[in-house]
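Look at Swiss-Prot and you will find Asp56 tagged as active site, nucleophile, backed by sequence analysis. Sequence annotations record features per position, and here Swiss-Prot assigns substrate binding site to Tyr110.
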Amino acid sequence: MPRRAFRVAYDGRPYHGFQRQPDVSTVAGELFGALRRLDVFDGAKPPGYAAAGRTDAGVSARAQTVAFDAPAWLTPDAFTGALPDPIQVWAHADAPPEFHATHDAVARTYVYYWYAPDSRATDDRAAGALDRLTGTHDFHNLTPNTTNTVRELDATLDRDGAFRVITVRAGGFCRELVRRVVSLVQLVTETGDTDRIDTVLGDEPVAGPDGVPPADPHPLVLHAVAYDGLSFTVDEDAAERARTTFRAARADHHERARVAGHLASI
């Protein structure tokens, strides 16, 4: 069978992360279950399988990318039909036989939605803190990883209504790096302690109460994954199904937020 790649969007909140784990529900576990039900494979995992990234529990994705050897009849729409609503496959690409969704990715982009409705006065401080984390640094104090911690980040902050939107792009990321970058920016924005950034980026380990914890995973989205020479085709039926599903989820959340706002008026 030919190697094929698929774009996957998912609401990560119901899942214990992307990567398969025993005894808990994960996005990859749901993908494998769907493929087994469709008789695409019957082993431990599909031949040639790899994914662009391993998002943490609660993190969502717009363009997670998985690739494996798959029959031509497996369209995104057919794939989605065997999946639960929070997971939607919406595009596909024919890939070379040696294609690897992890190793062949040239860039990954994450977006973090920081709810800050009453904090416009400190937007410049937040942007300045993020700017100091942009570029090439050793982020050993912002990840549990102990090796390969030097990364080059391109990060920006924009205001969108009640939200500060942080966009971070890199060739690859250490574990929890984006969430800890956001957490550090939030701390510096709140306290004005810009020296904290120099300490965290320094050579000495920063741990315990002085360490930087990861920010809440729920506002984080894996927005894009780029590959050289790979052209994805949007399955319009699958894409429309995804839009309808996520619009319904958005409406539900708006209603819940309105009720919570009413209760907060006590």
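Just so you know, glycine gets a Cβ as well, placed from its N, Cα and C.
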Across all protein chains in the structure, which of the recorded positions Asp56, Tyr110 has the highest Cβ count within 10 Å?
Tyr110
Sorry to bug you, but what's the C-alpha spacing from Tyr110 (substrate binding site) to Asp56 (active site, nucleophile), rounded to the closest Å?
12
